[in-house]
Amino acid sequence: MTEKQHITIKGVKEGLVFLLDDRCEFSALLDELHYKLEKTHQQLLSGPLIHVHVKLGSRETTEDEKDRIKSVLRQRGNLLVQSIQSEAEQVSAANSNKQEMKVMSGIIRSGQVVTHDGSLLLLGDLHPGGSIICTGDIYVMGTLAGMAHAGAEGNADAIIASSLLRPTQLRIAEVISRPPEEWMTGDAAMEYAFLQEGIMQVDKTTQLFRMRKDPIVYKGV
Amino acid sequence: MGDAIVVTSGKGGVGKTTTSANLGTALALLGKKVCMVDTDIGLRNLDVVMGLENRIVYDLVDVAEGRCRLQQALVKDKRFEELYMLPAAQTKDKHDVSPEQVRDMILELKKDFDFVIIDCPAGIEQGFRNAIAGADRAIVVTTPENAAVRDADRVIGLLEQSQVASKLVINRIRPSMLKTGDMLDIDEVCQVLAIDLLGIVPDDEKVIKSANAGEPTVMDPSSRAAIAYRNIARRILGDMVPLMPLEDKTGMLKRFRKFLGIG
């Protein structure tokens, strides 16, 4: 039928595994599935009840498309679809953990809340009464005077850095801290807050290399 | 087509109604056709400050509910030919009108007037939403106190969301307290709120006196607050007017002493 096979059927201990190619058209895949079930693999696919696992590779599919695969397989009474797996979902889940950096500019005023999954760079001020909540780091190029919560889902390595750190409250992961009782340097330098053994600390941003050091590649020296 | 300006603040008692009354009157003084709209339904004061309480027949809710025409509800000022006021209802509630109804009224008023000044109630609930519904721009009134500045910040954020540009008026400034540093600095307030400053108004006992008499302060040119409001009105019309000095002119000797650091 086709020059290249898009579907590989493997027998395993639990039953059959359908490996579907992830680069061809979805409709071609369905056609070939039909063809295989009807024509070429008739003997193999008739008889006792067989459990089937479908692997989609890195193809991204909708629920609707998954249902269509299922319904094709169900046409053969003896095939019982156990699972439909896609690596794409696992990959995208892993990507979101990688924390994308979002850059936004503006003023976050009292009563306004900015939430972001990942790290956030704000070009502007965070006013008292306003909040930023991020699962990653928070960087504010401006005055941070409101509430900032970094590592909101428990990442204790997250930091909060600002041109001028004058917060009403800072939170990293589960730790809540407020100046000036706990810390306040009064310097006009760029500072960042981080957790050290579960306690909020503030230091100049130039000291950040002590906890995070990215390799620097010198060129042309 | 006129210009609808809402006067708002978030916090109560900072001088929204006083500012509305005085700006409305000052604009009328400059020859503009002005209508003031009181949207503080249930707690109306604009009529009291303007001294027009006893002339009210219909109100804003009557117009909204179709008991009268808009023109019938307008109260003409006793001092100016071209100054009108649309009073709020005292016996009703803020939920008795919708933002759409207010917007329609403001649109209609804008056809007949150069300026429509909308006096907003305190708070950020229904009354606030009603007041800003028809506004083209906003004047945010604050006093140099942390609580008022914080509320102003919140209101500016809400106005930005509704795409209403706002300018700042800092009310009730006490020069003596500024000097000792006990009051928030004007620059400090402007820096925090990050919007254009439209004017500053010094604290003046005459404001209370004239409000009680039902006479807007702007009518009294000897009052410093009156001059401040007149300046703001001129800035609304697009004139470049410098901020008034808060202190009376200091003498030569005093300045010389200050220069030497012994003053």
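In case you wondered, yes, glycine gets a Cβ from its N, Cα and C as well.
According to TrEMBL, the feature domain 'CobQ/CobB/MinD/ParA nucleotide binding' maps to B:5-216. The feature ATP binding site is assigned by TrEMBL to B:Lys11, B:Gly12, B:Gly13, B:Val14, B:Gly15, B:Lys16, B:Thr17, B:Thr18.
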Residue among the binding-site residues B:Gly12, B:Gly13, B:Gly15 whose Cβ has the most other Cβ atoms within 10 Å: B:Gly15
Cβ-Cβ distance under 8 Å to B:Thr18 (ATP binding site), same chain, at least six residues away: B:Val49, B:Asn171, B:Val207, B:Ala211, B:Thr217
Additional residues around ATP, ordered along the sequence, whose Cβ is within 8 Å of the centroid of B:Lys11, B:Gly12, B:Gly13, B:Val14, B:Gly15, B:Lys16, B:Thr17, B:Thr18: B:Ser9, B:Thr19, B:Ala122, B:Val141, B:Asn171
Helix, strand or coil at B:Thr18 (ATP binding site) [DSSP, three-state]: helix
Overall pLDDT for the domain 'CobQ/CobB/MinD/ParA nucleotide binding' (B:5-216), taken as the rounded mean: 94
Binding-site residues compared (B:Lys11, B:Lys16) - highest count of Cβ atoms within 10 Å: B:Lys16
Cβ contacts of B:Thr17 (ATP binding site) (under 8 Å, same chain, 6 or more positions away): B:Asp38, B:Asp40, B:Asn45, B:Leu46, B:Val49, B:Asp119
CB contacts for B:Val14 (ATP binding site) [other CB atoms within 10 A, all chains]: 25
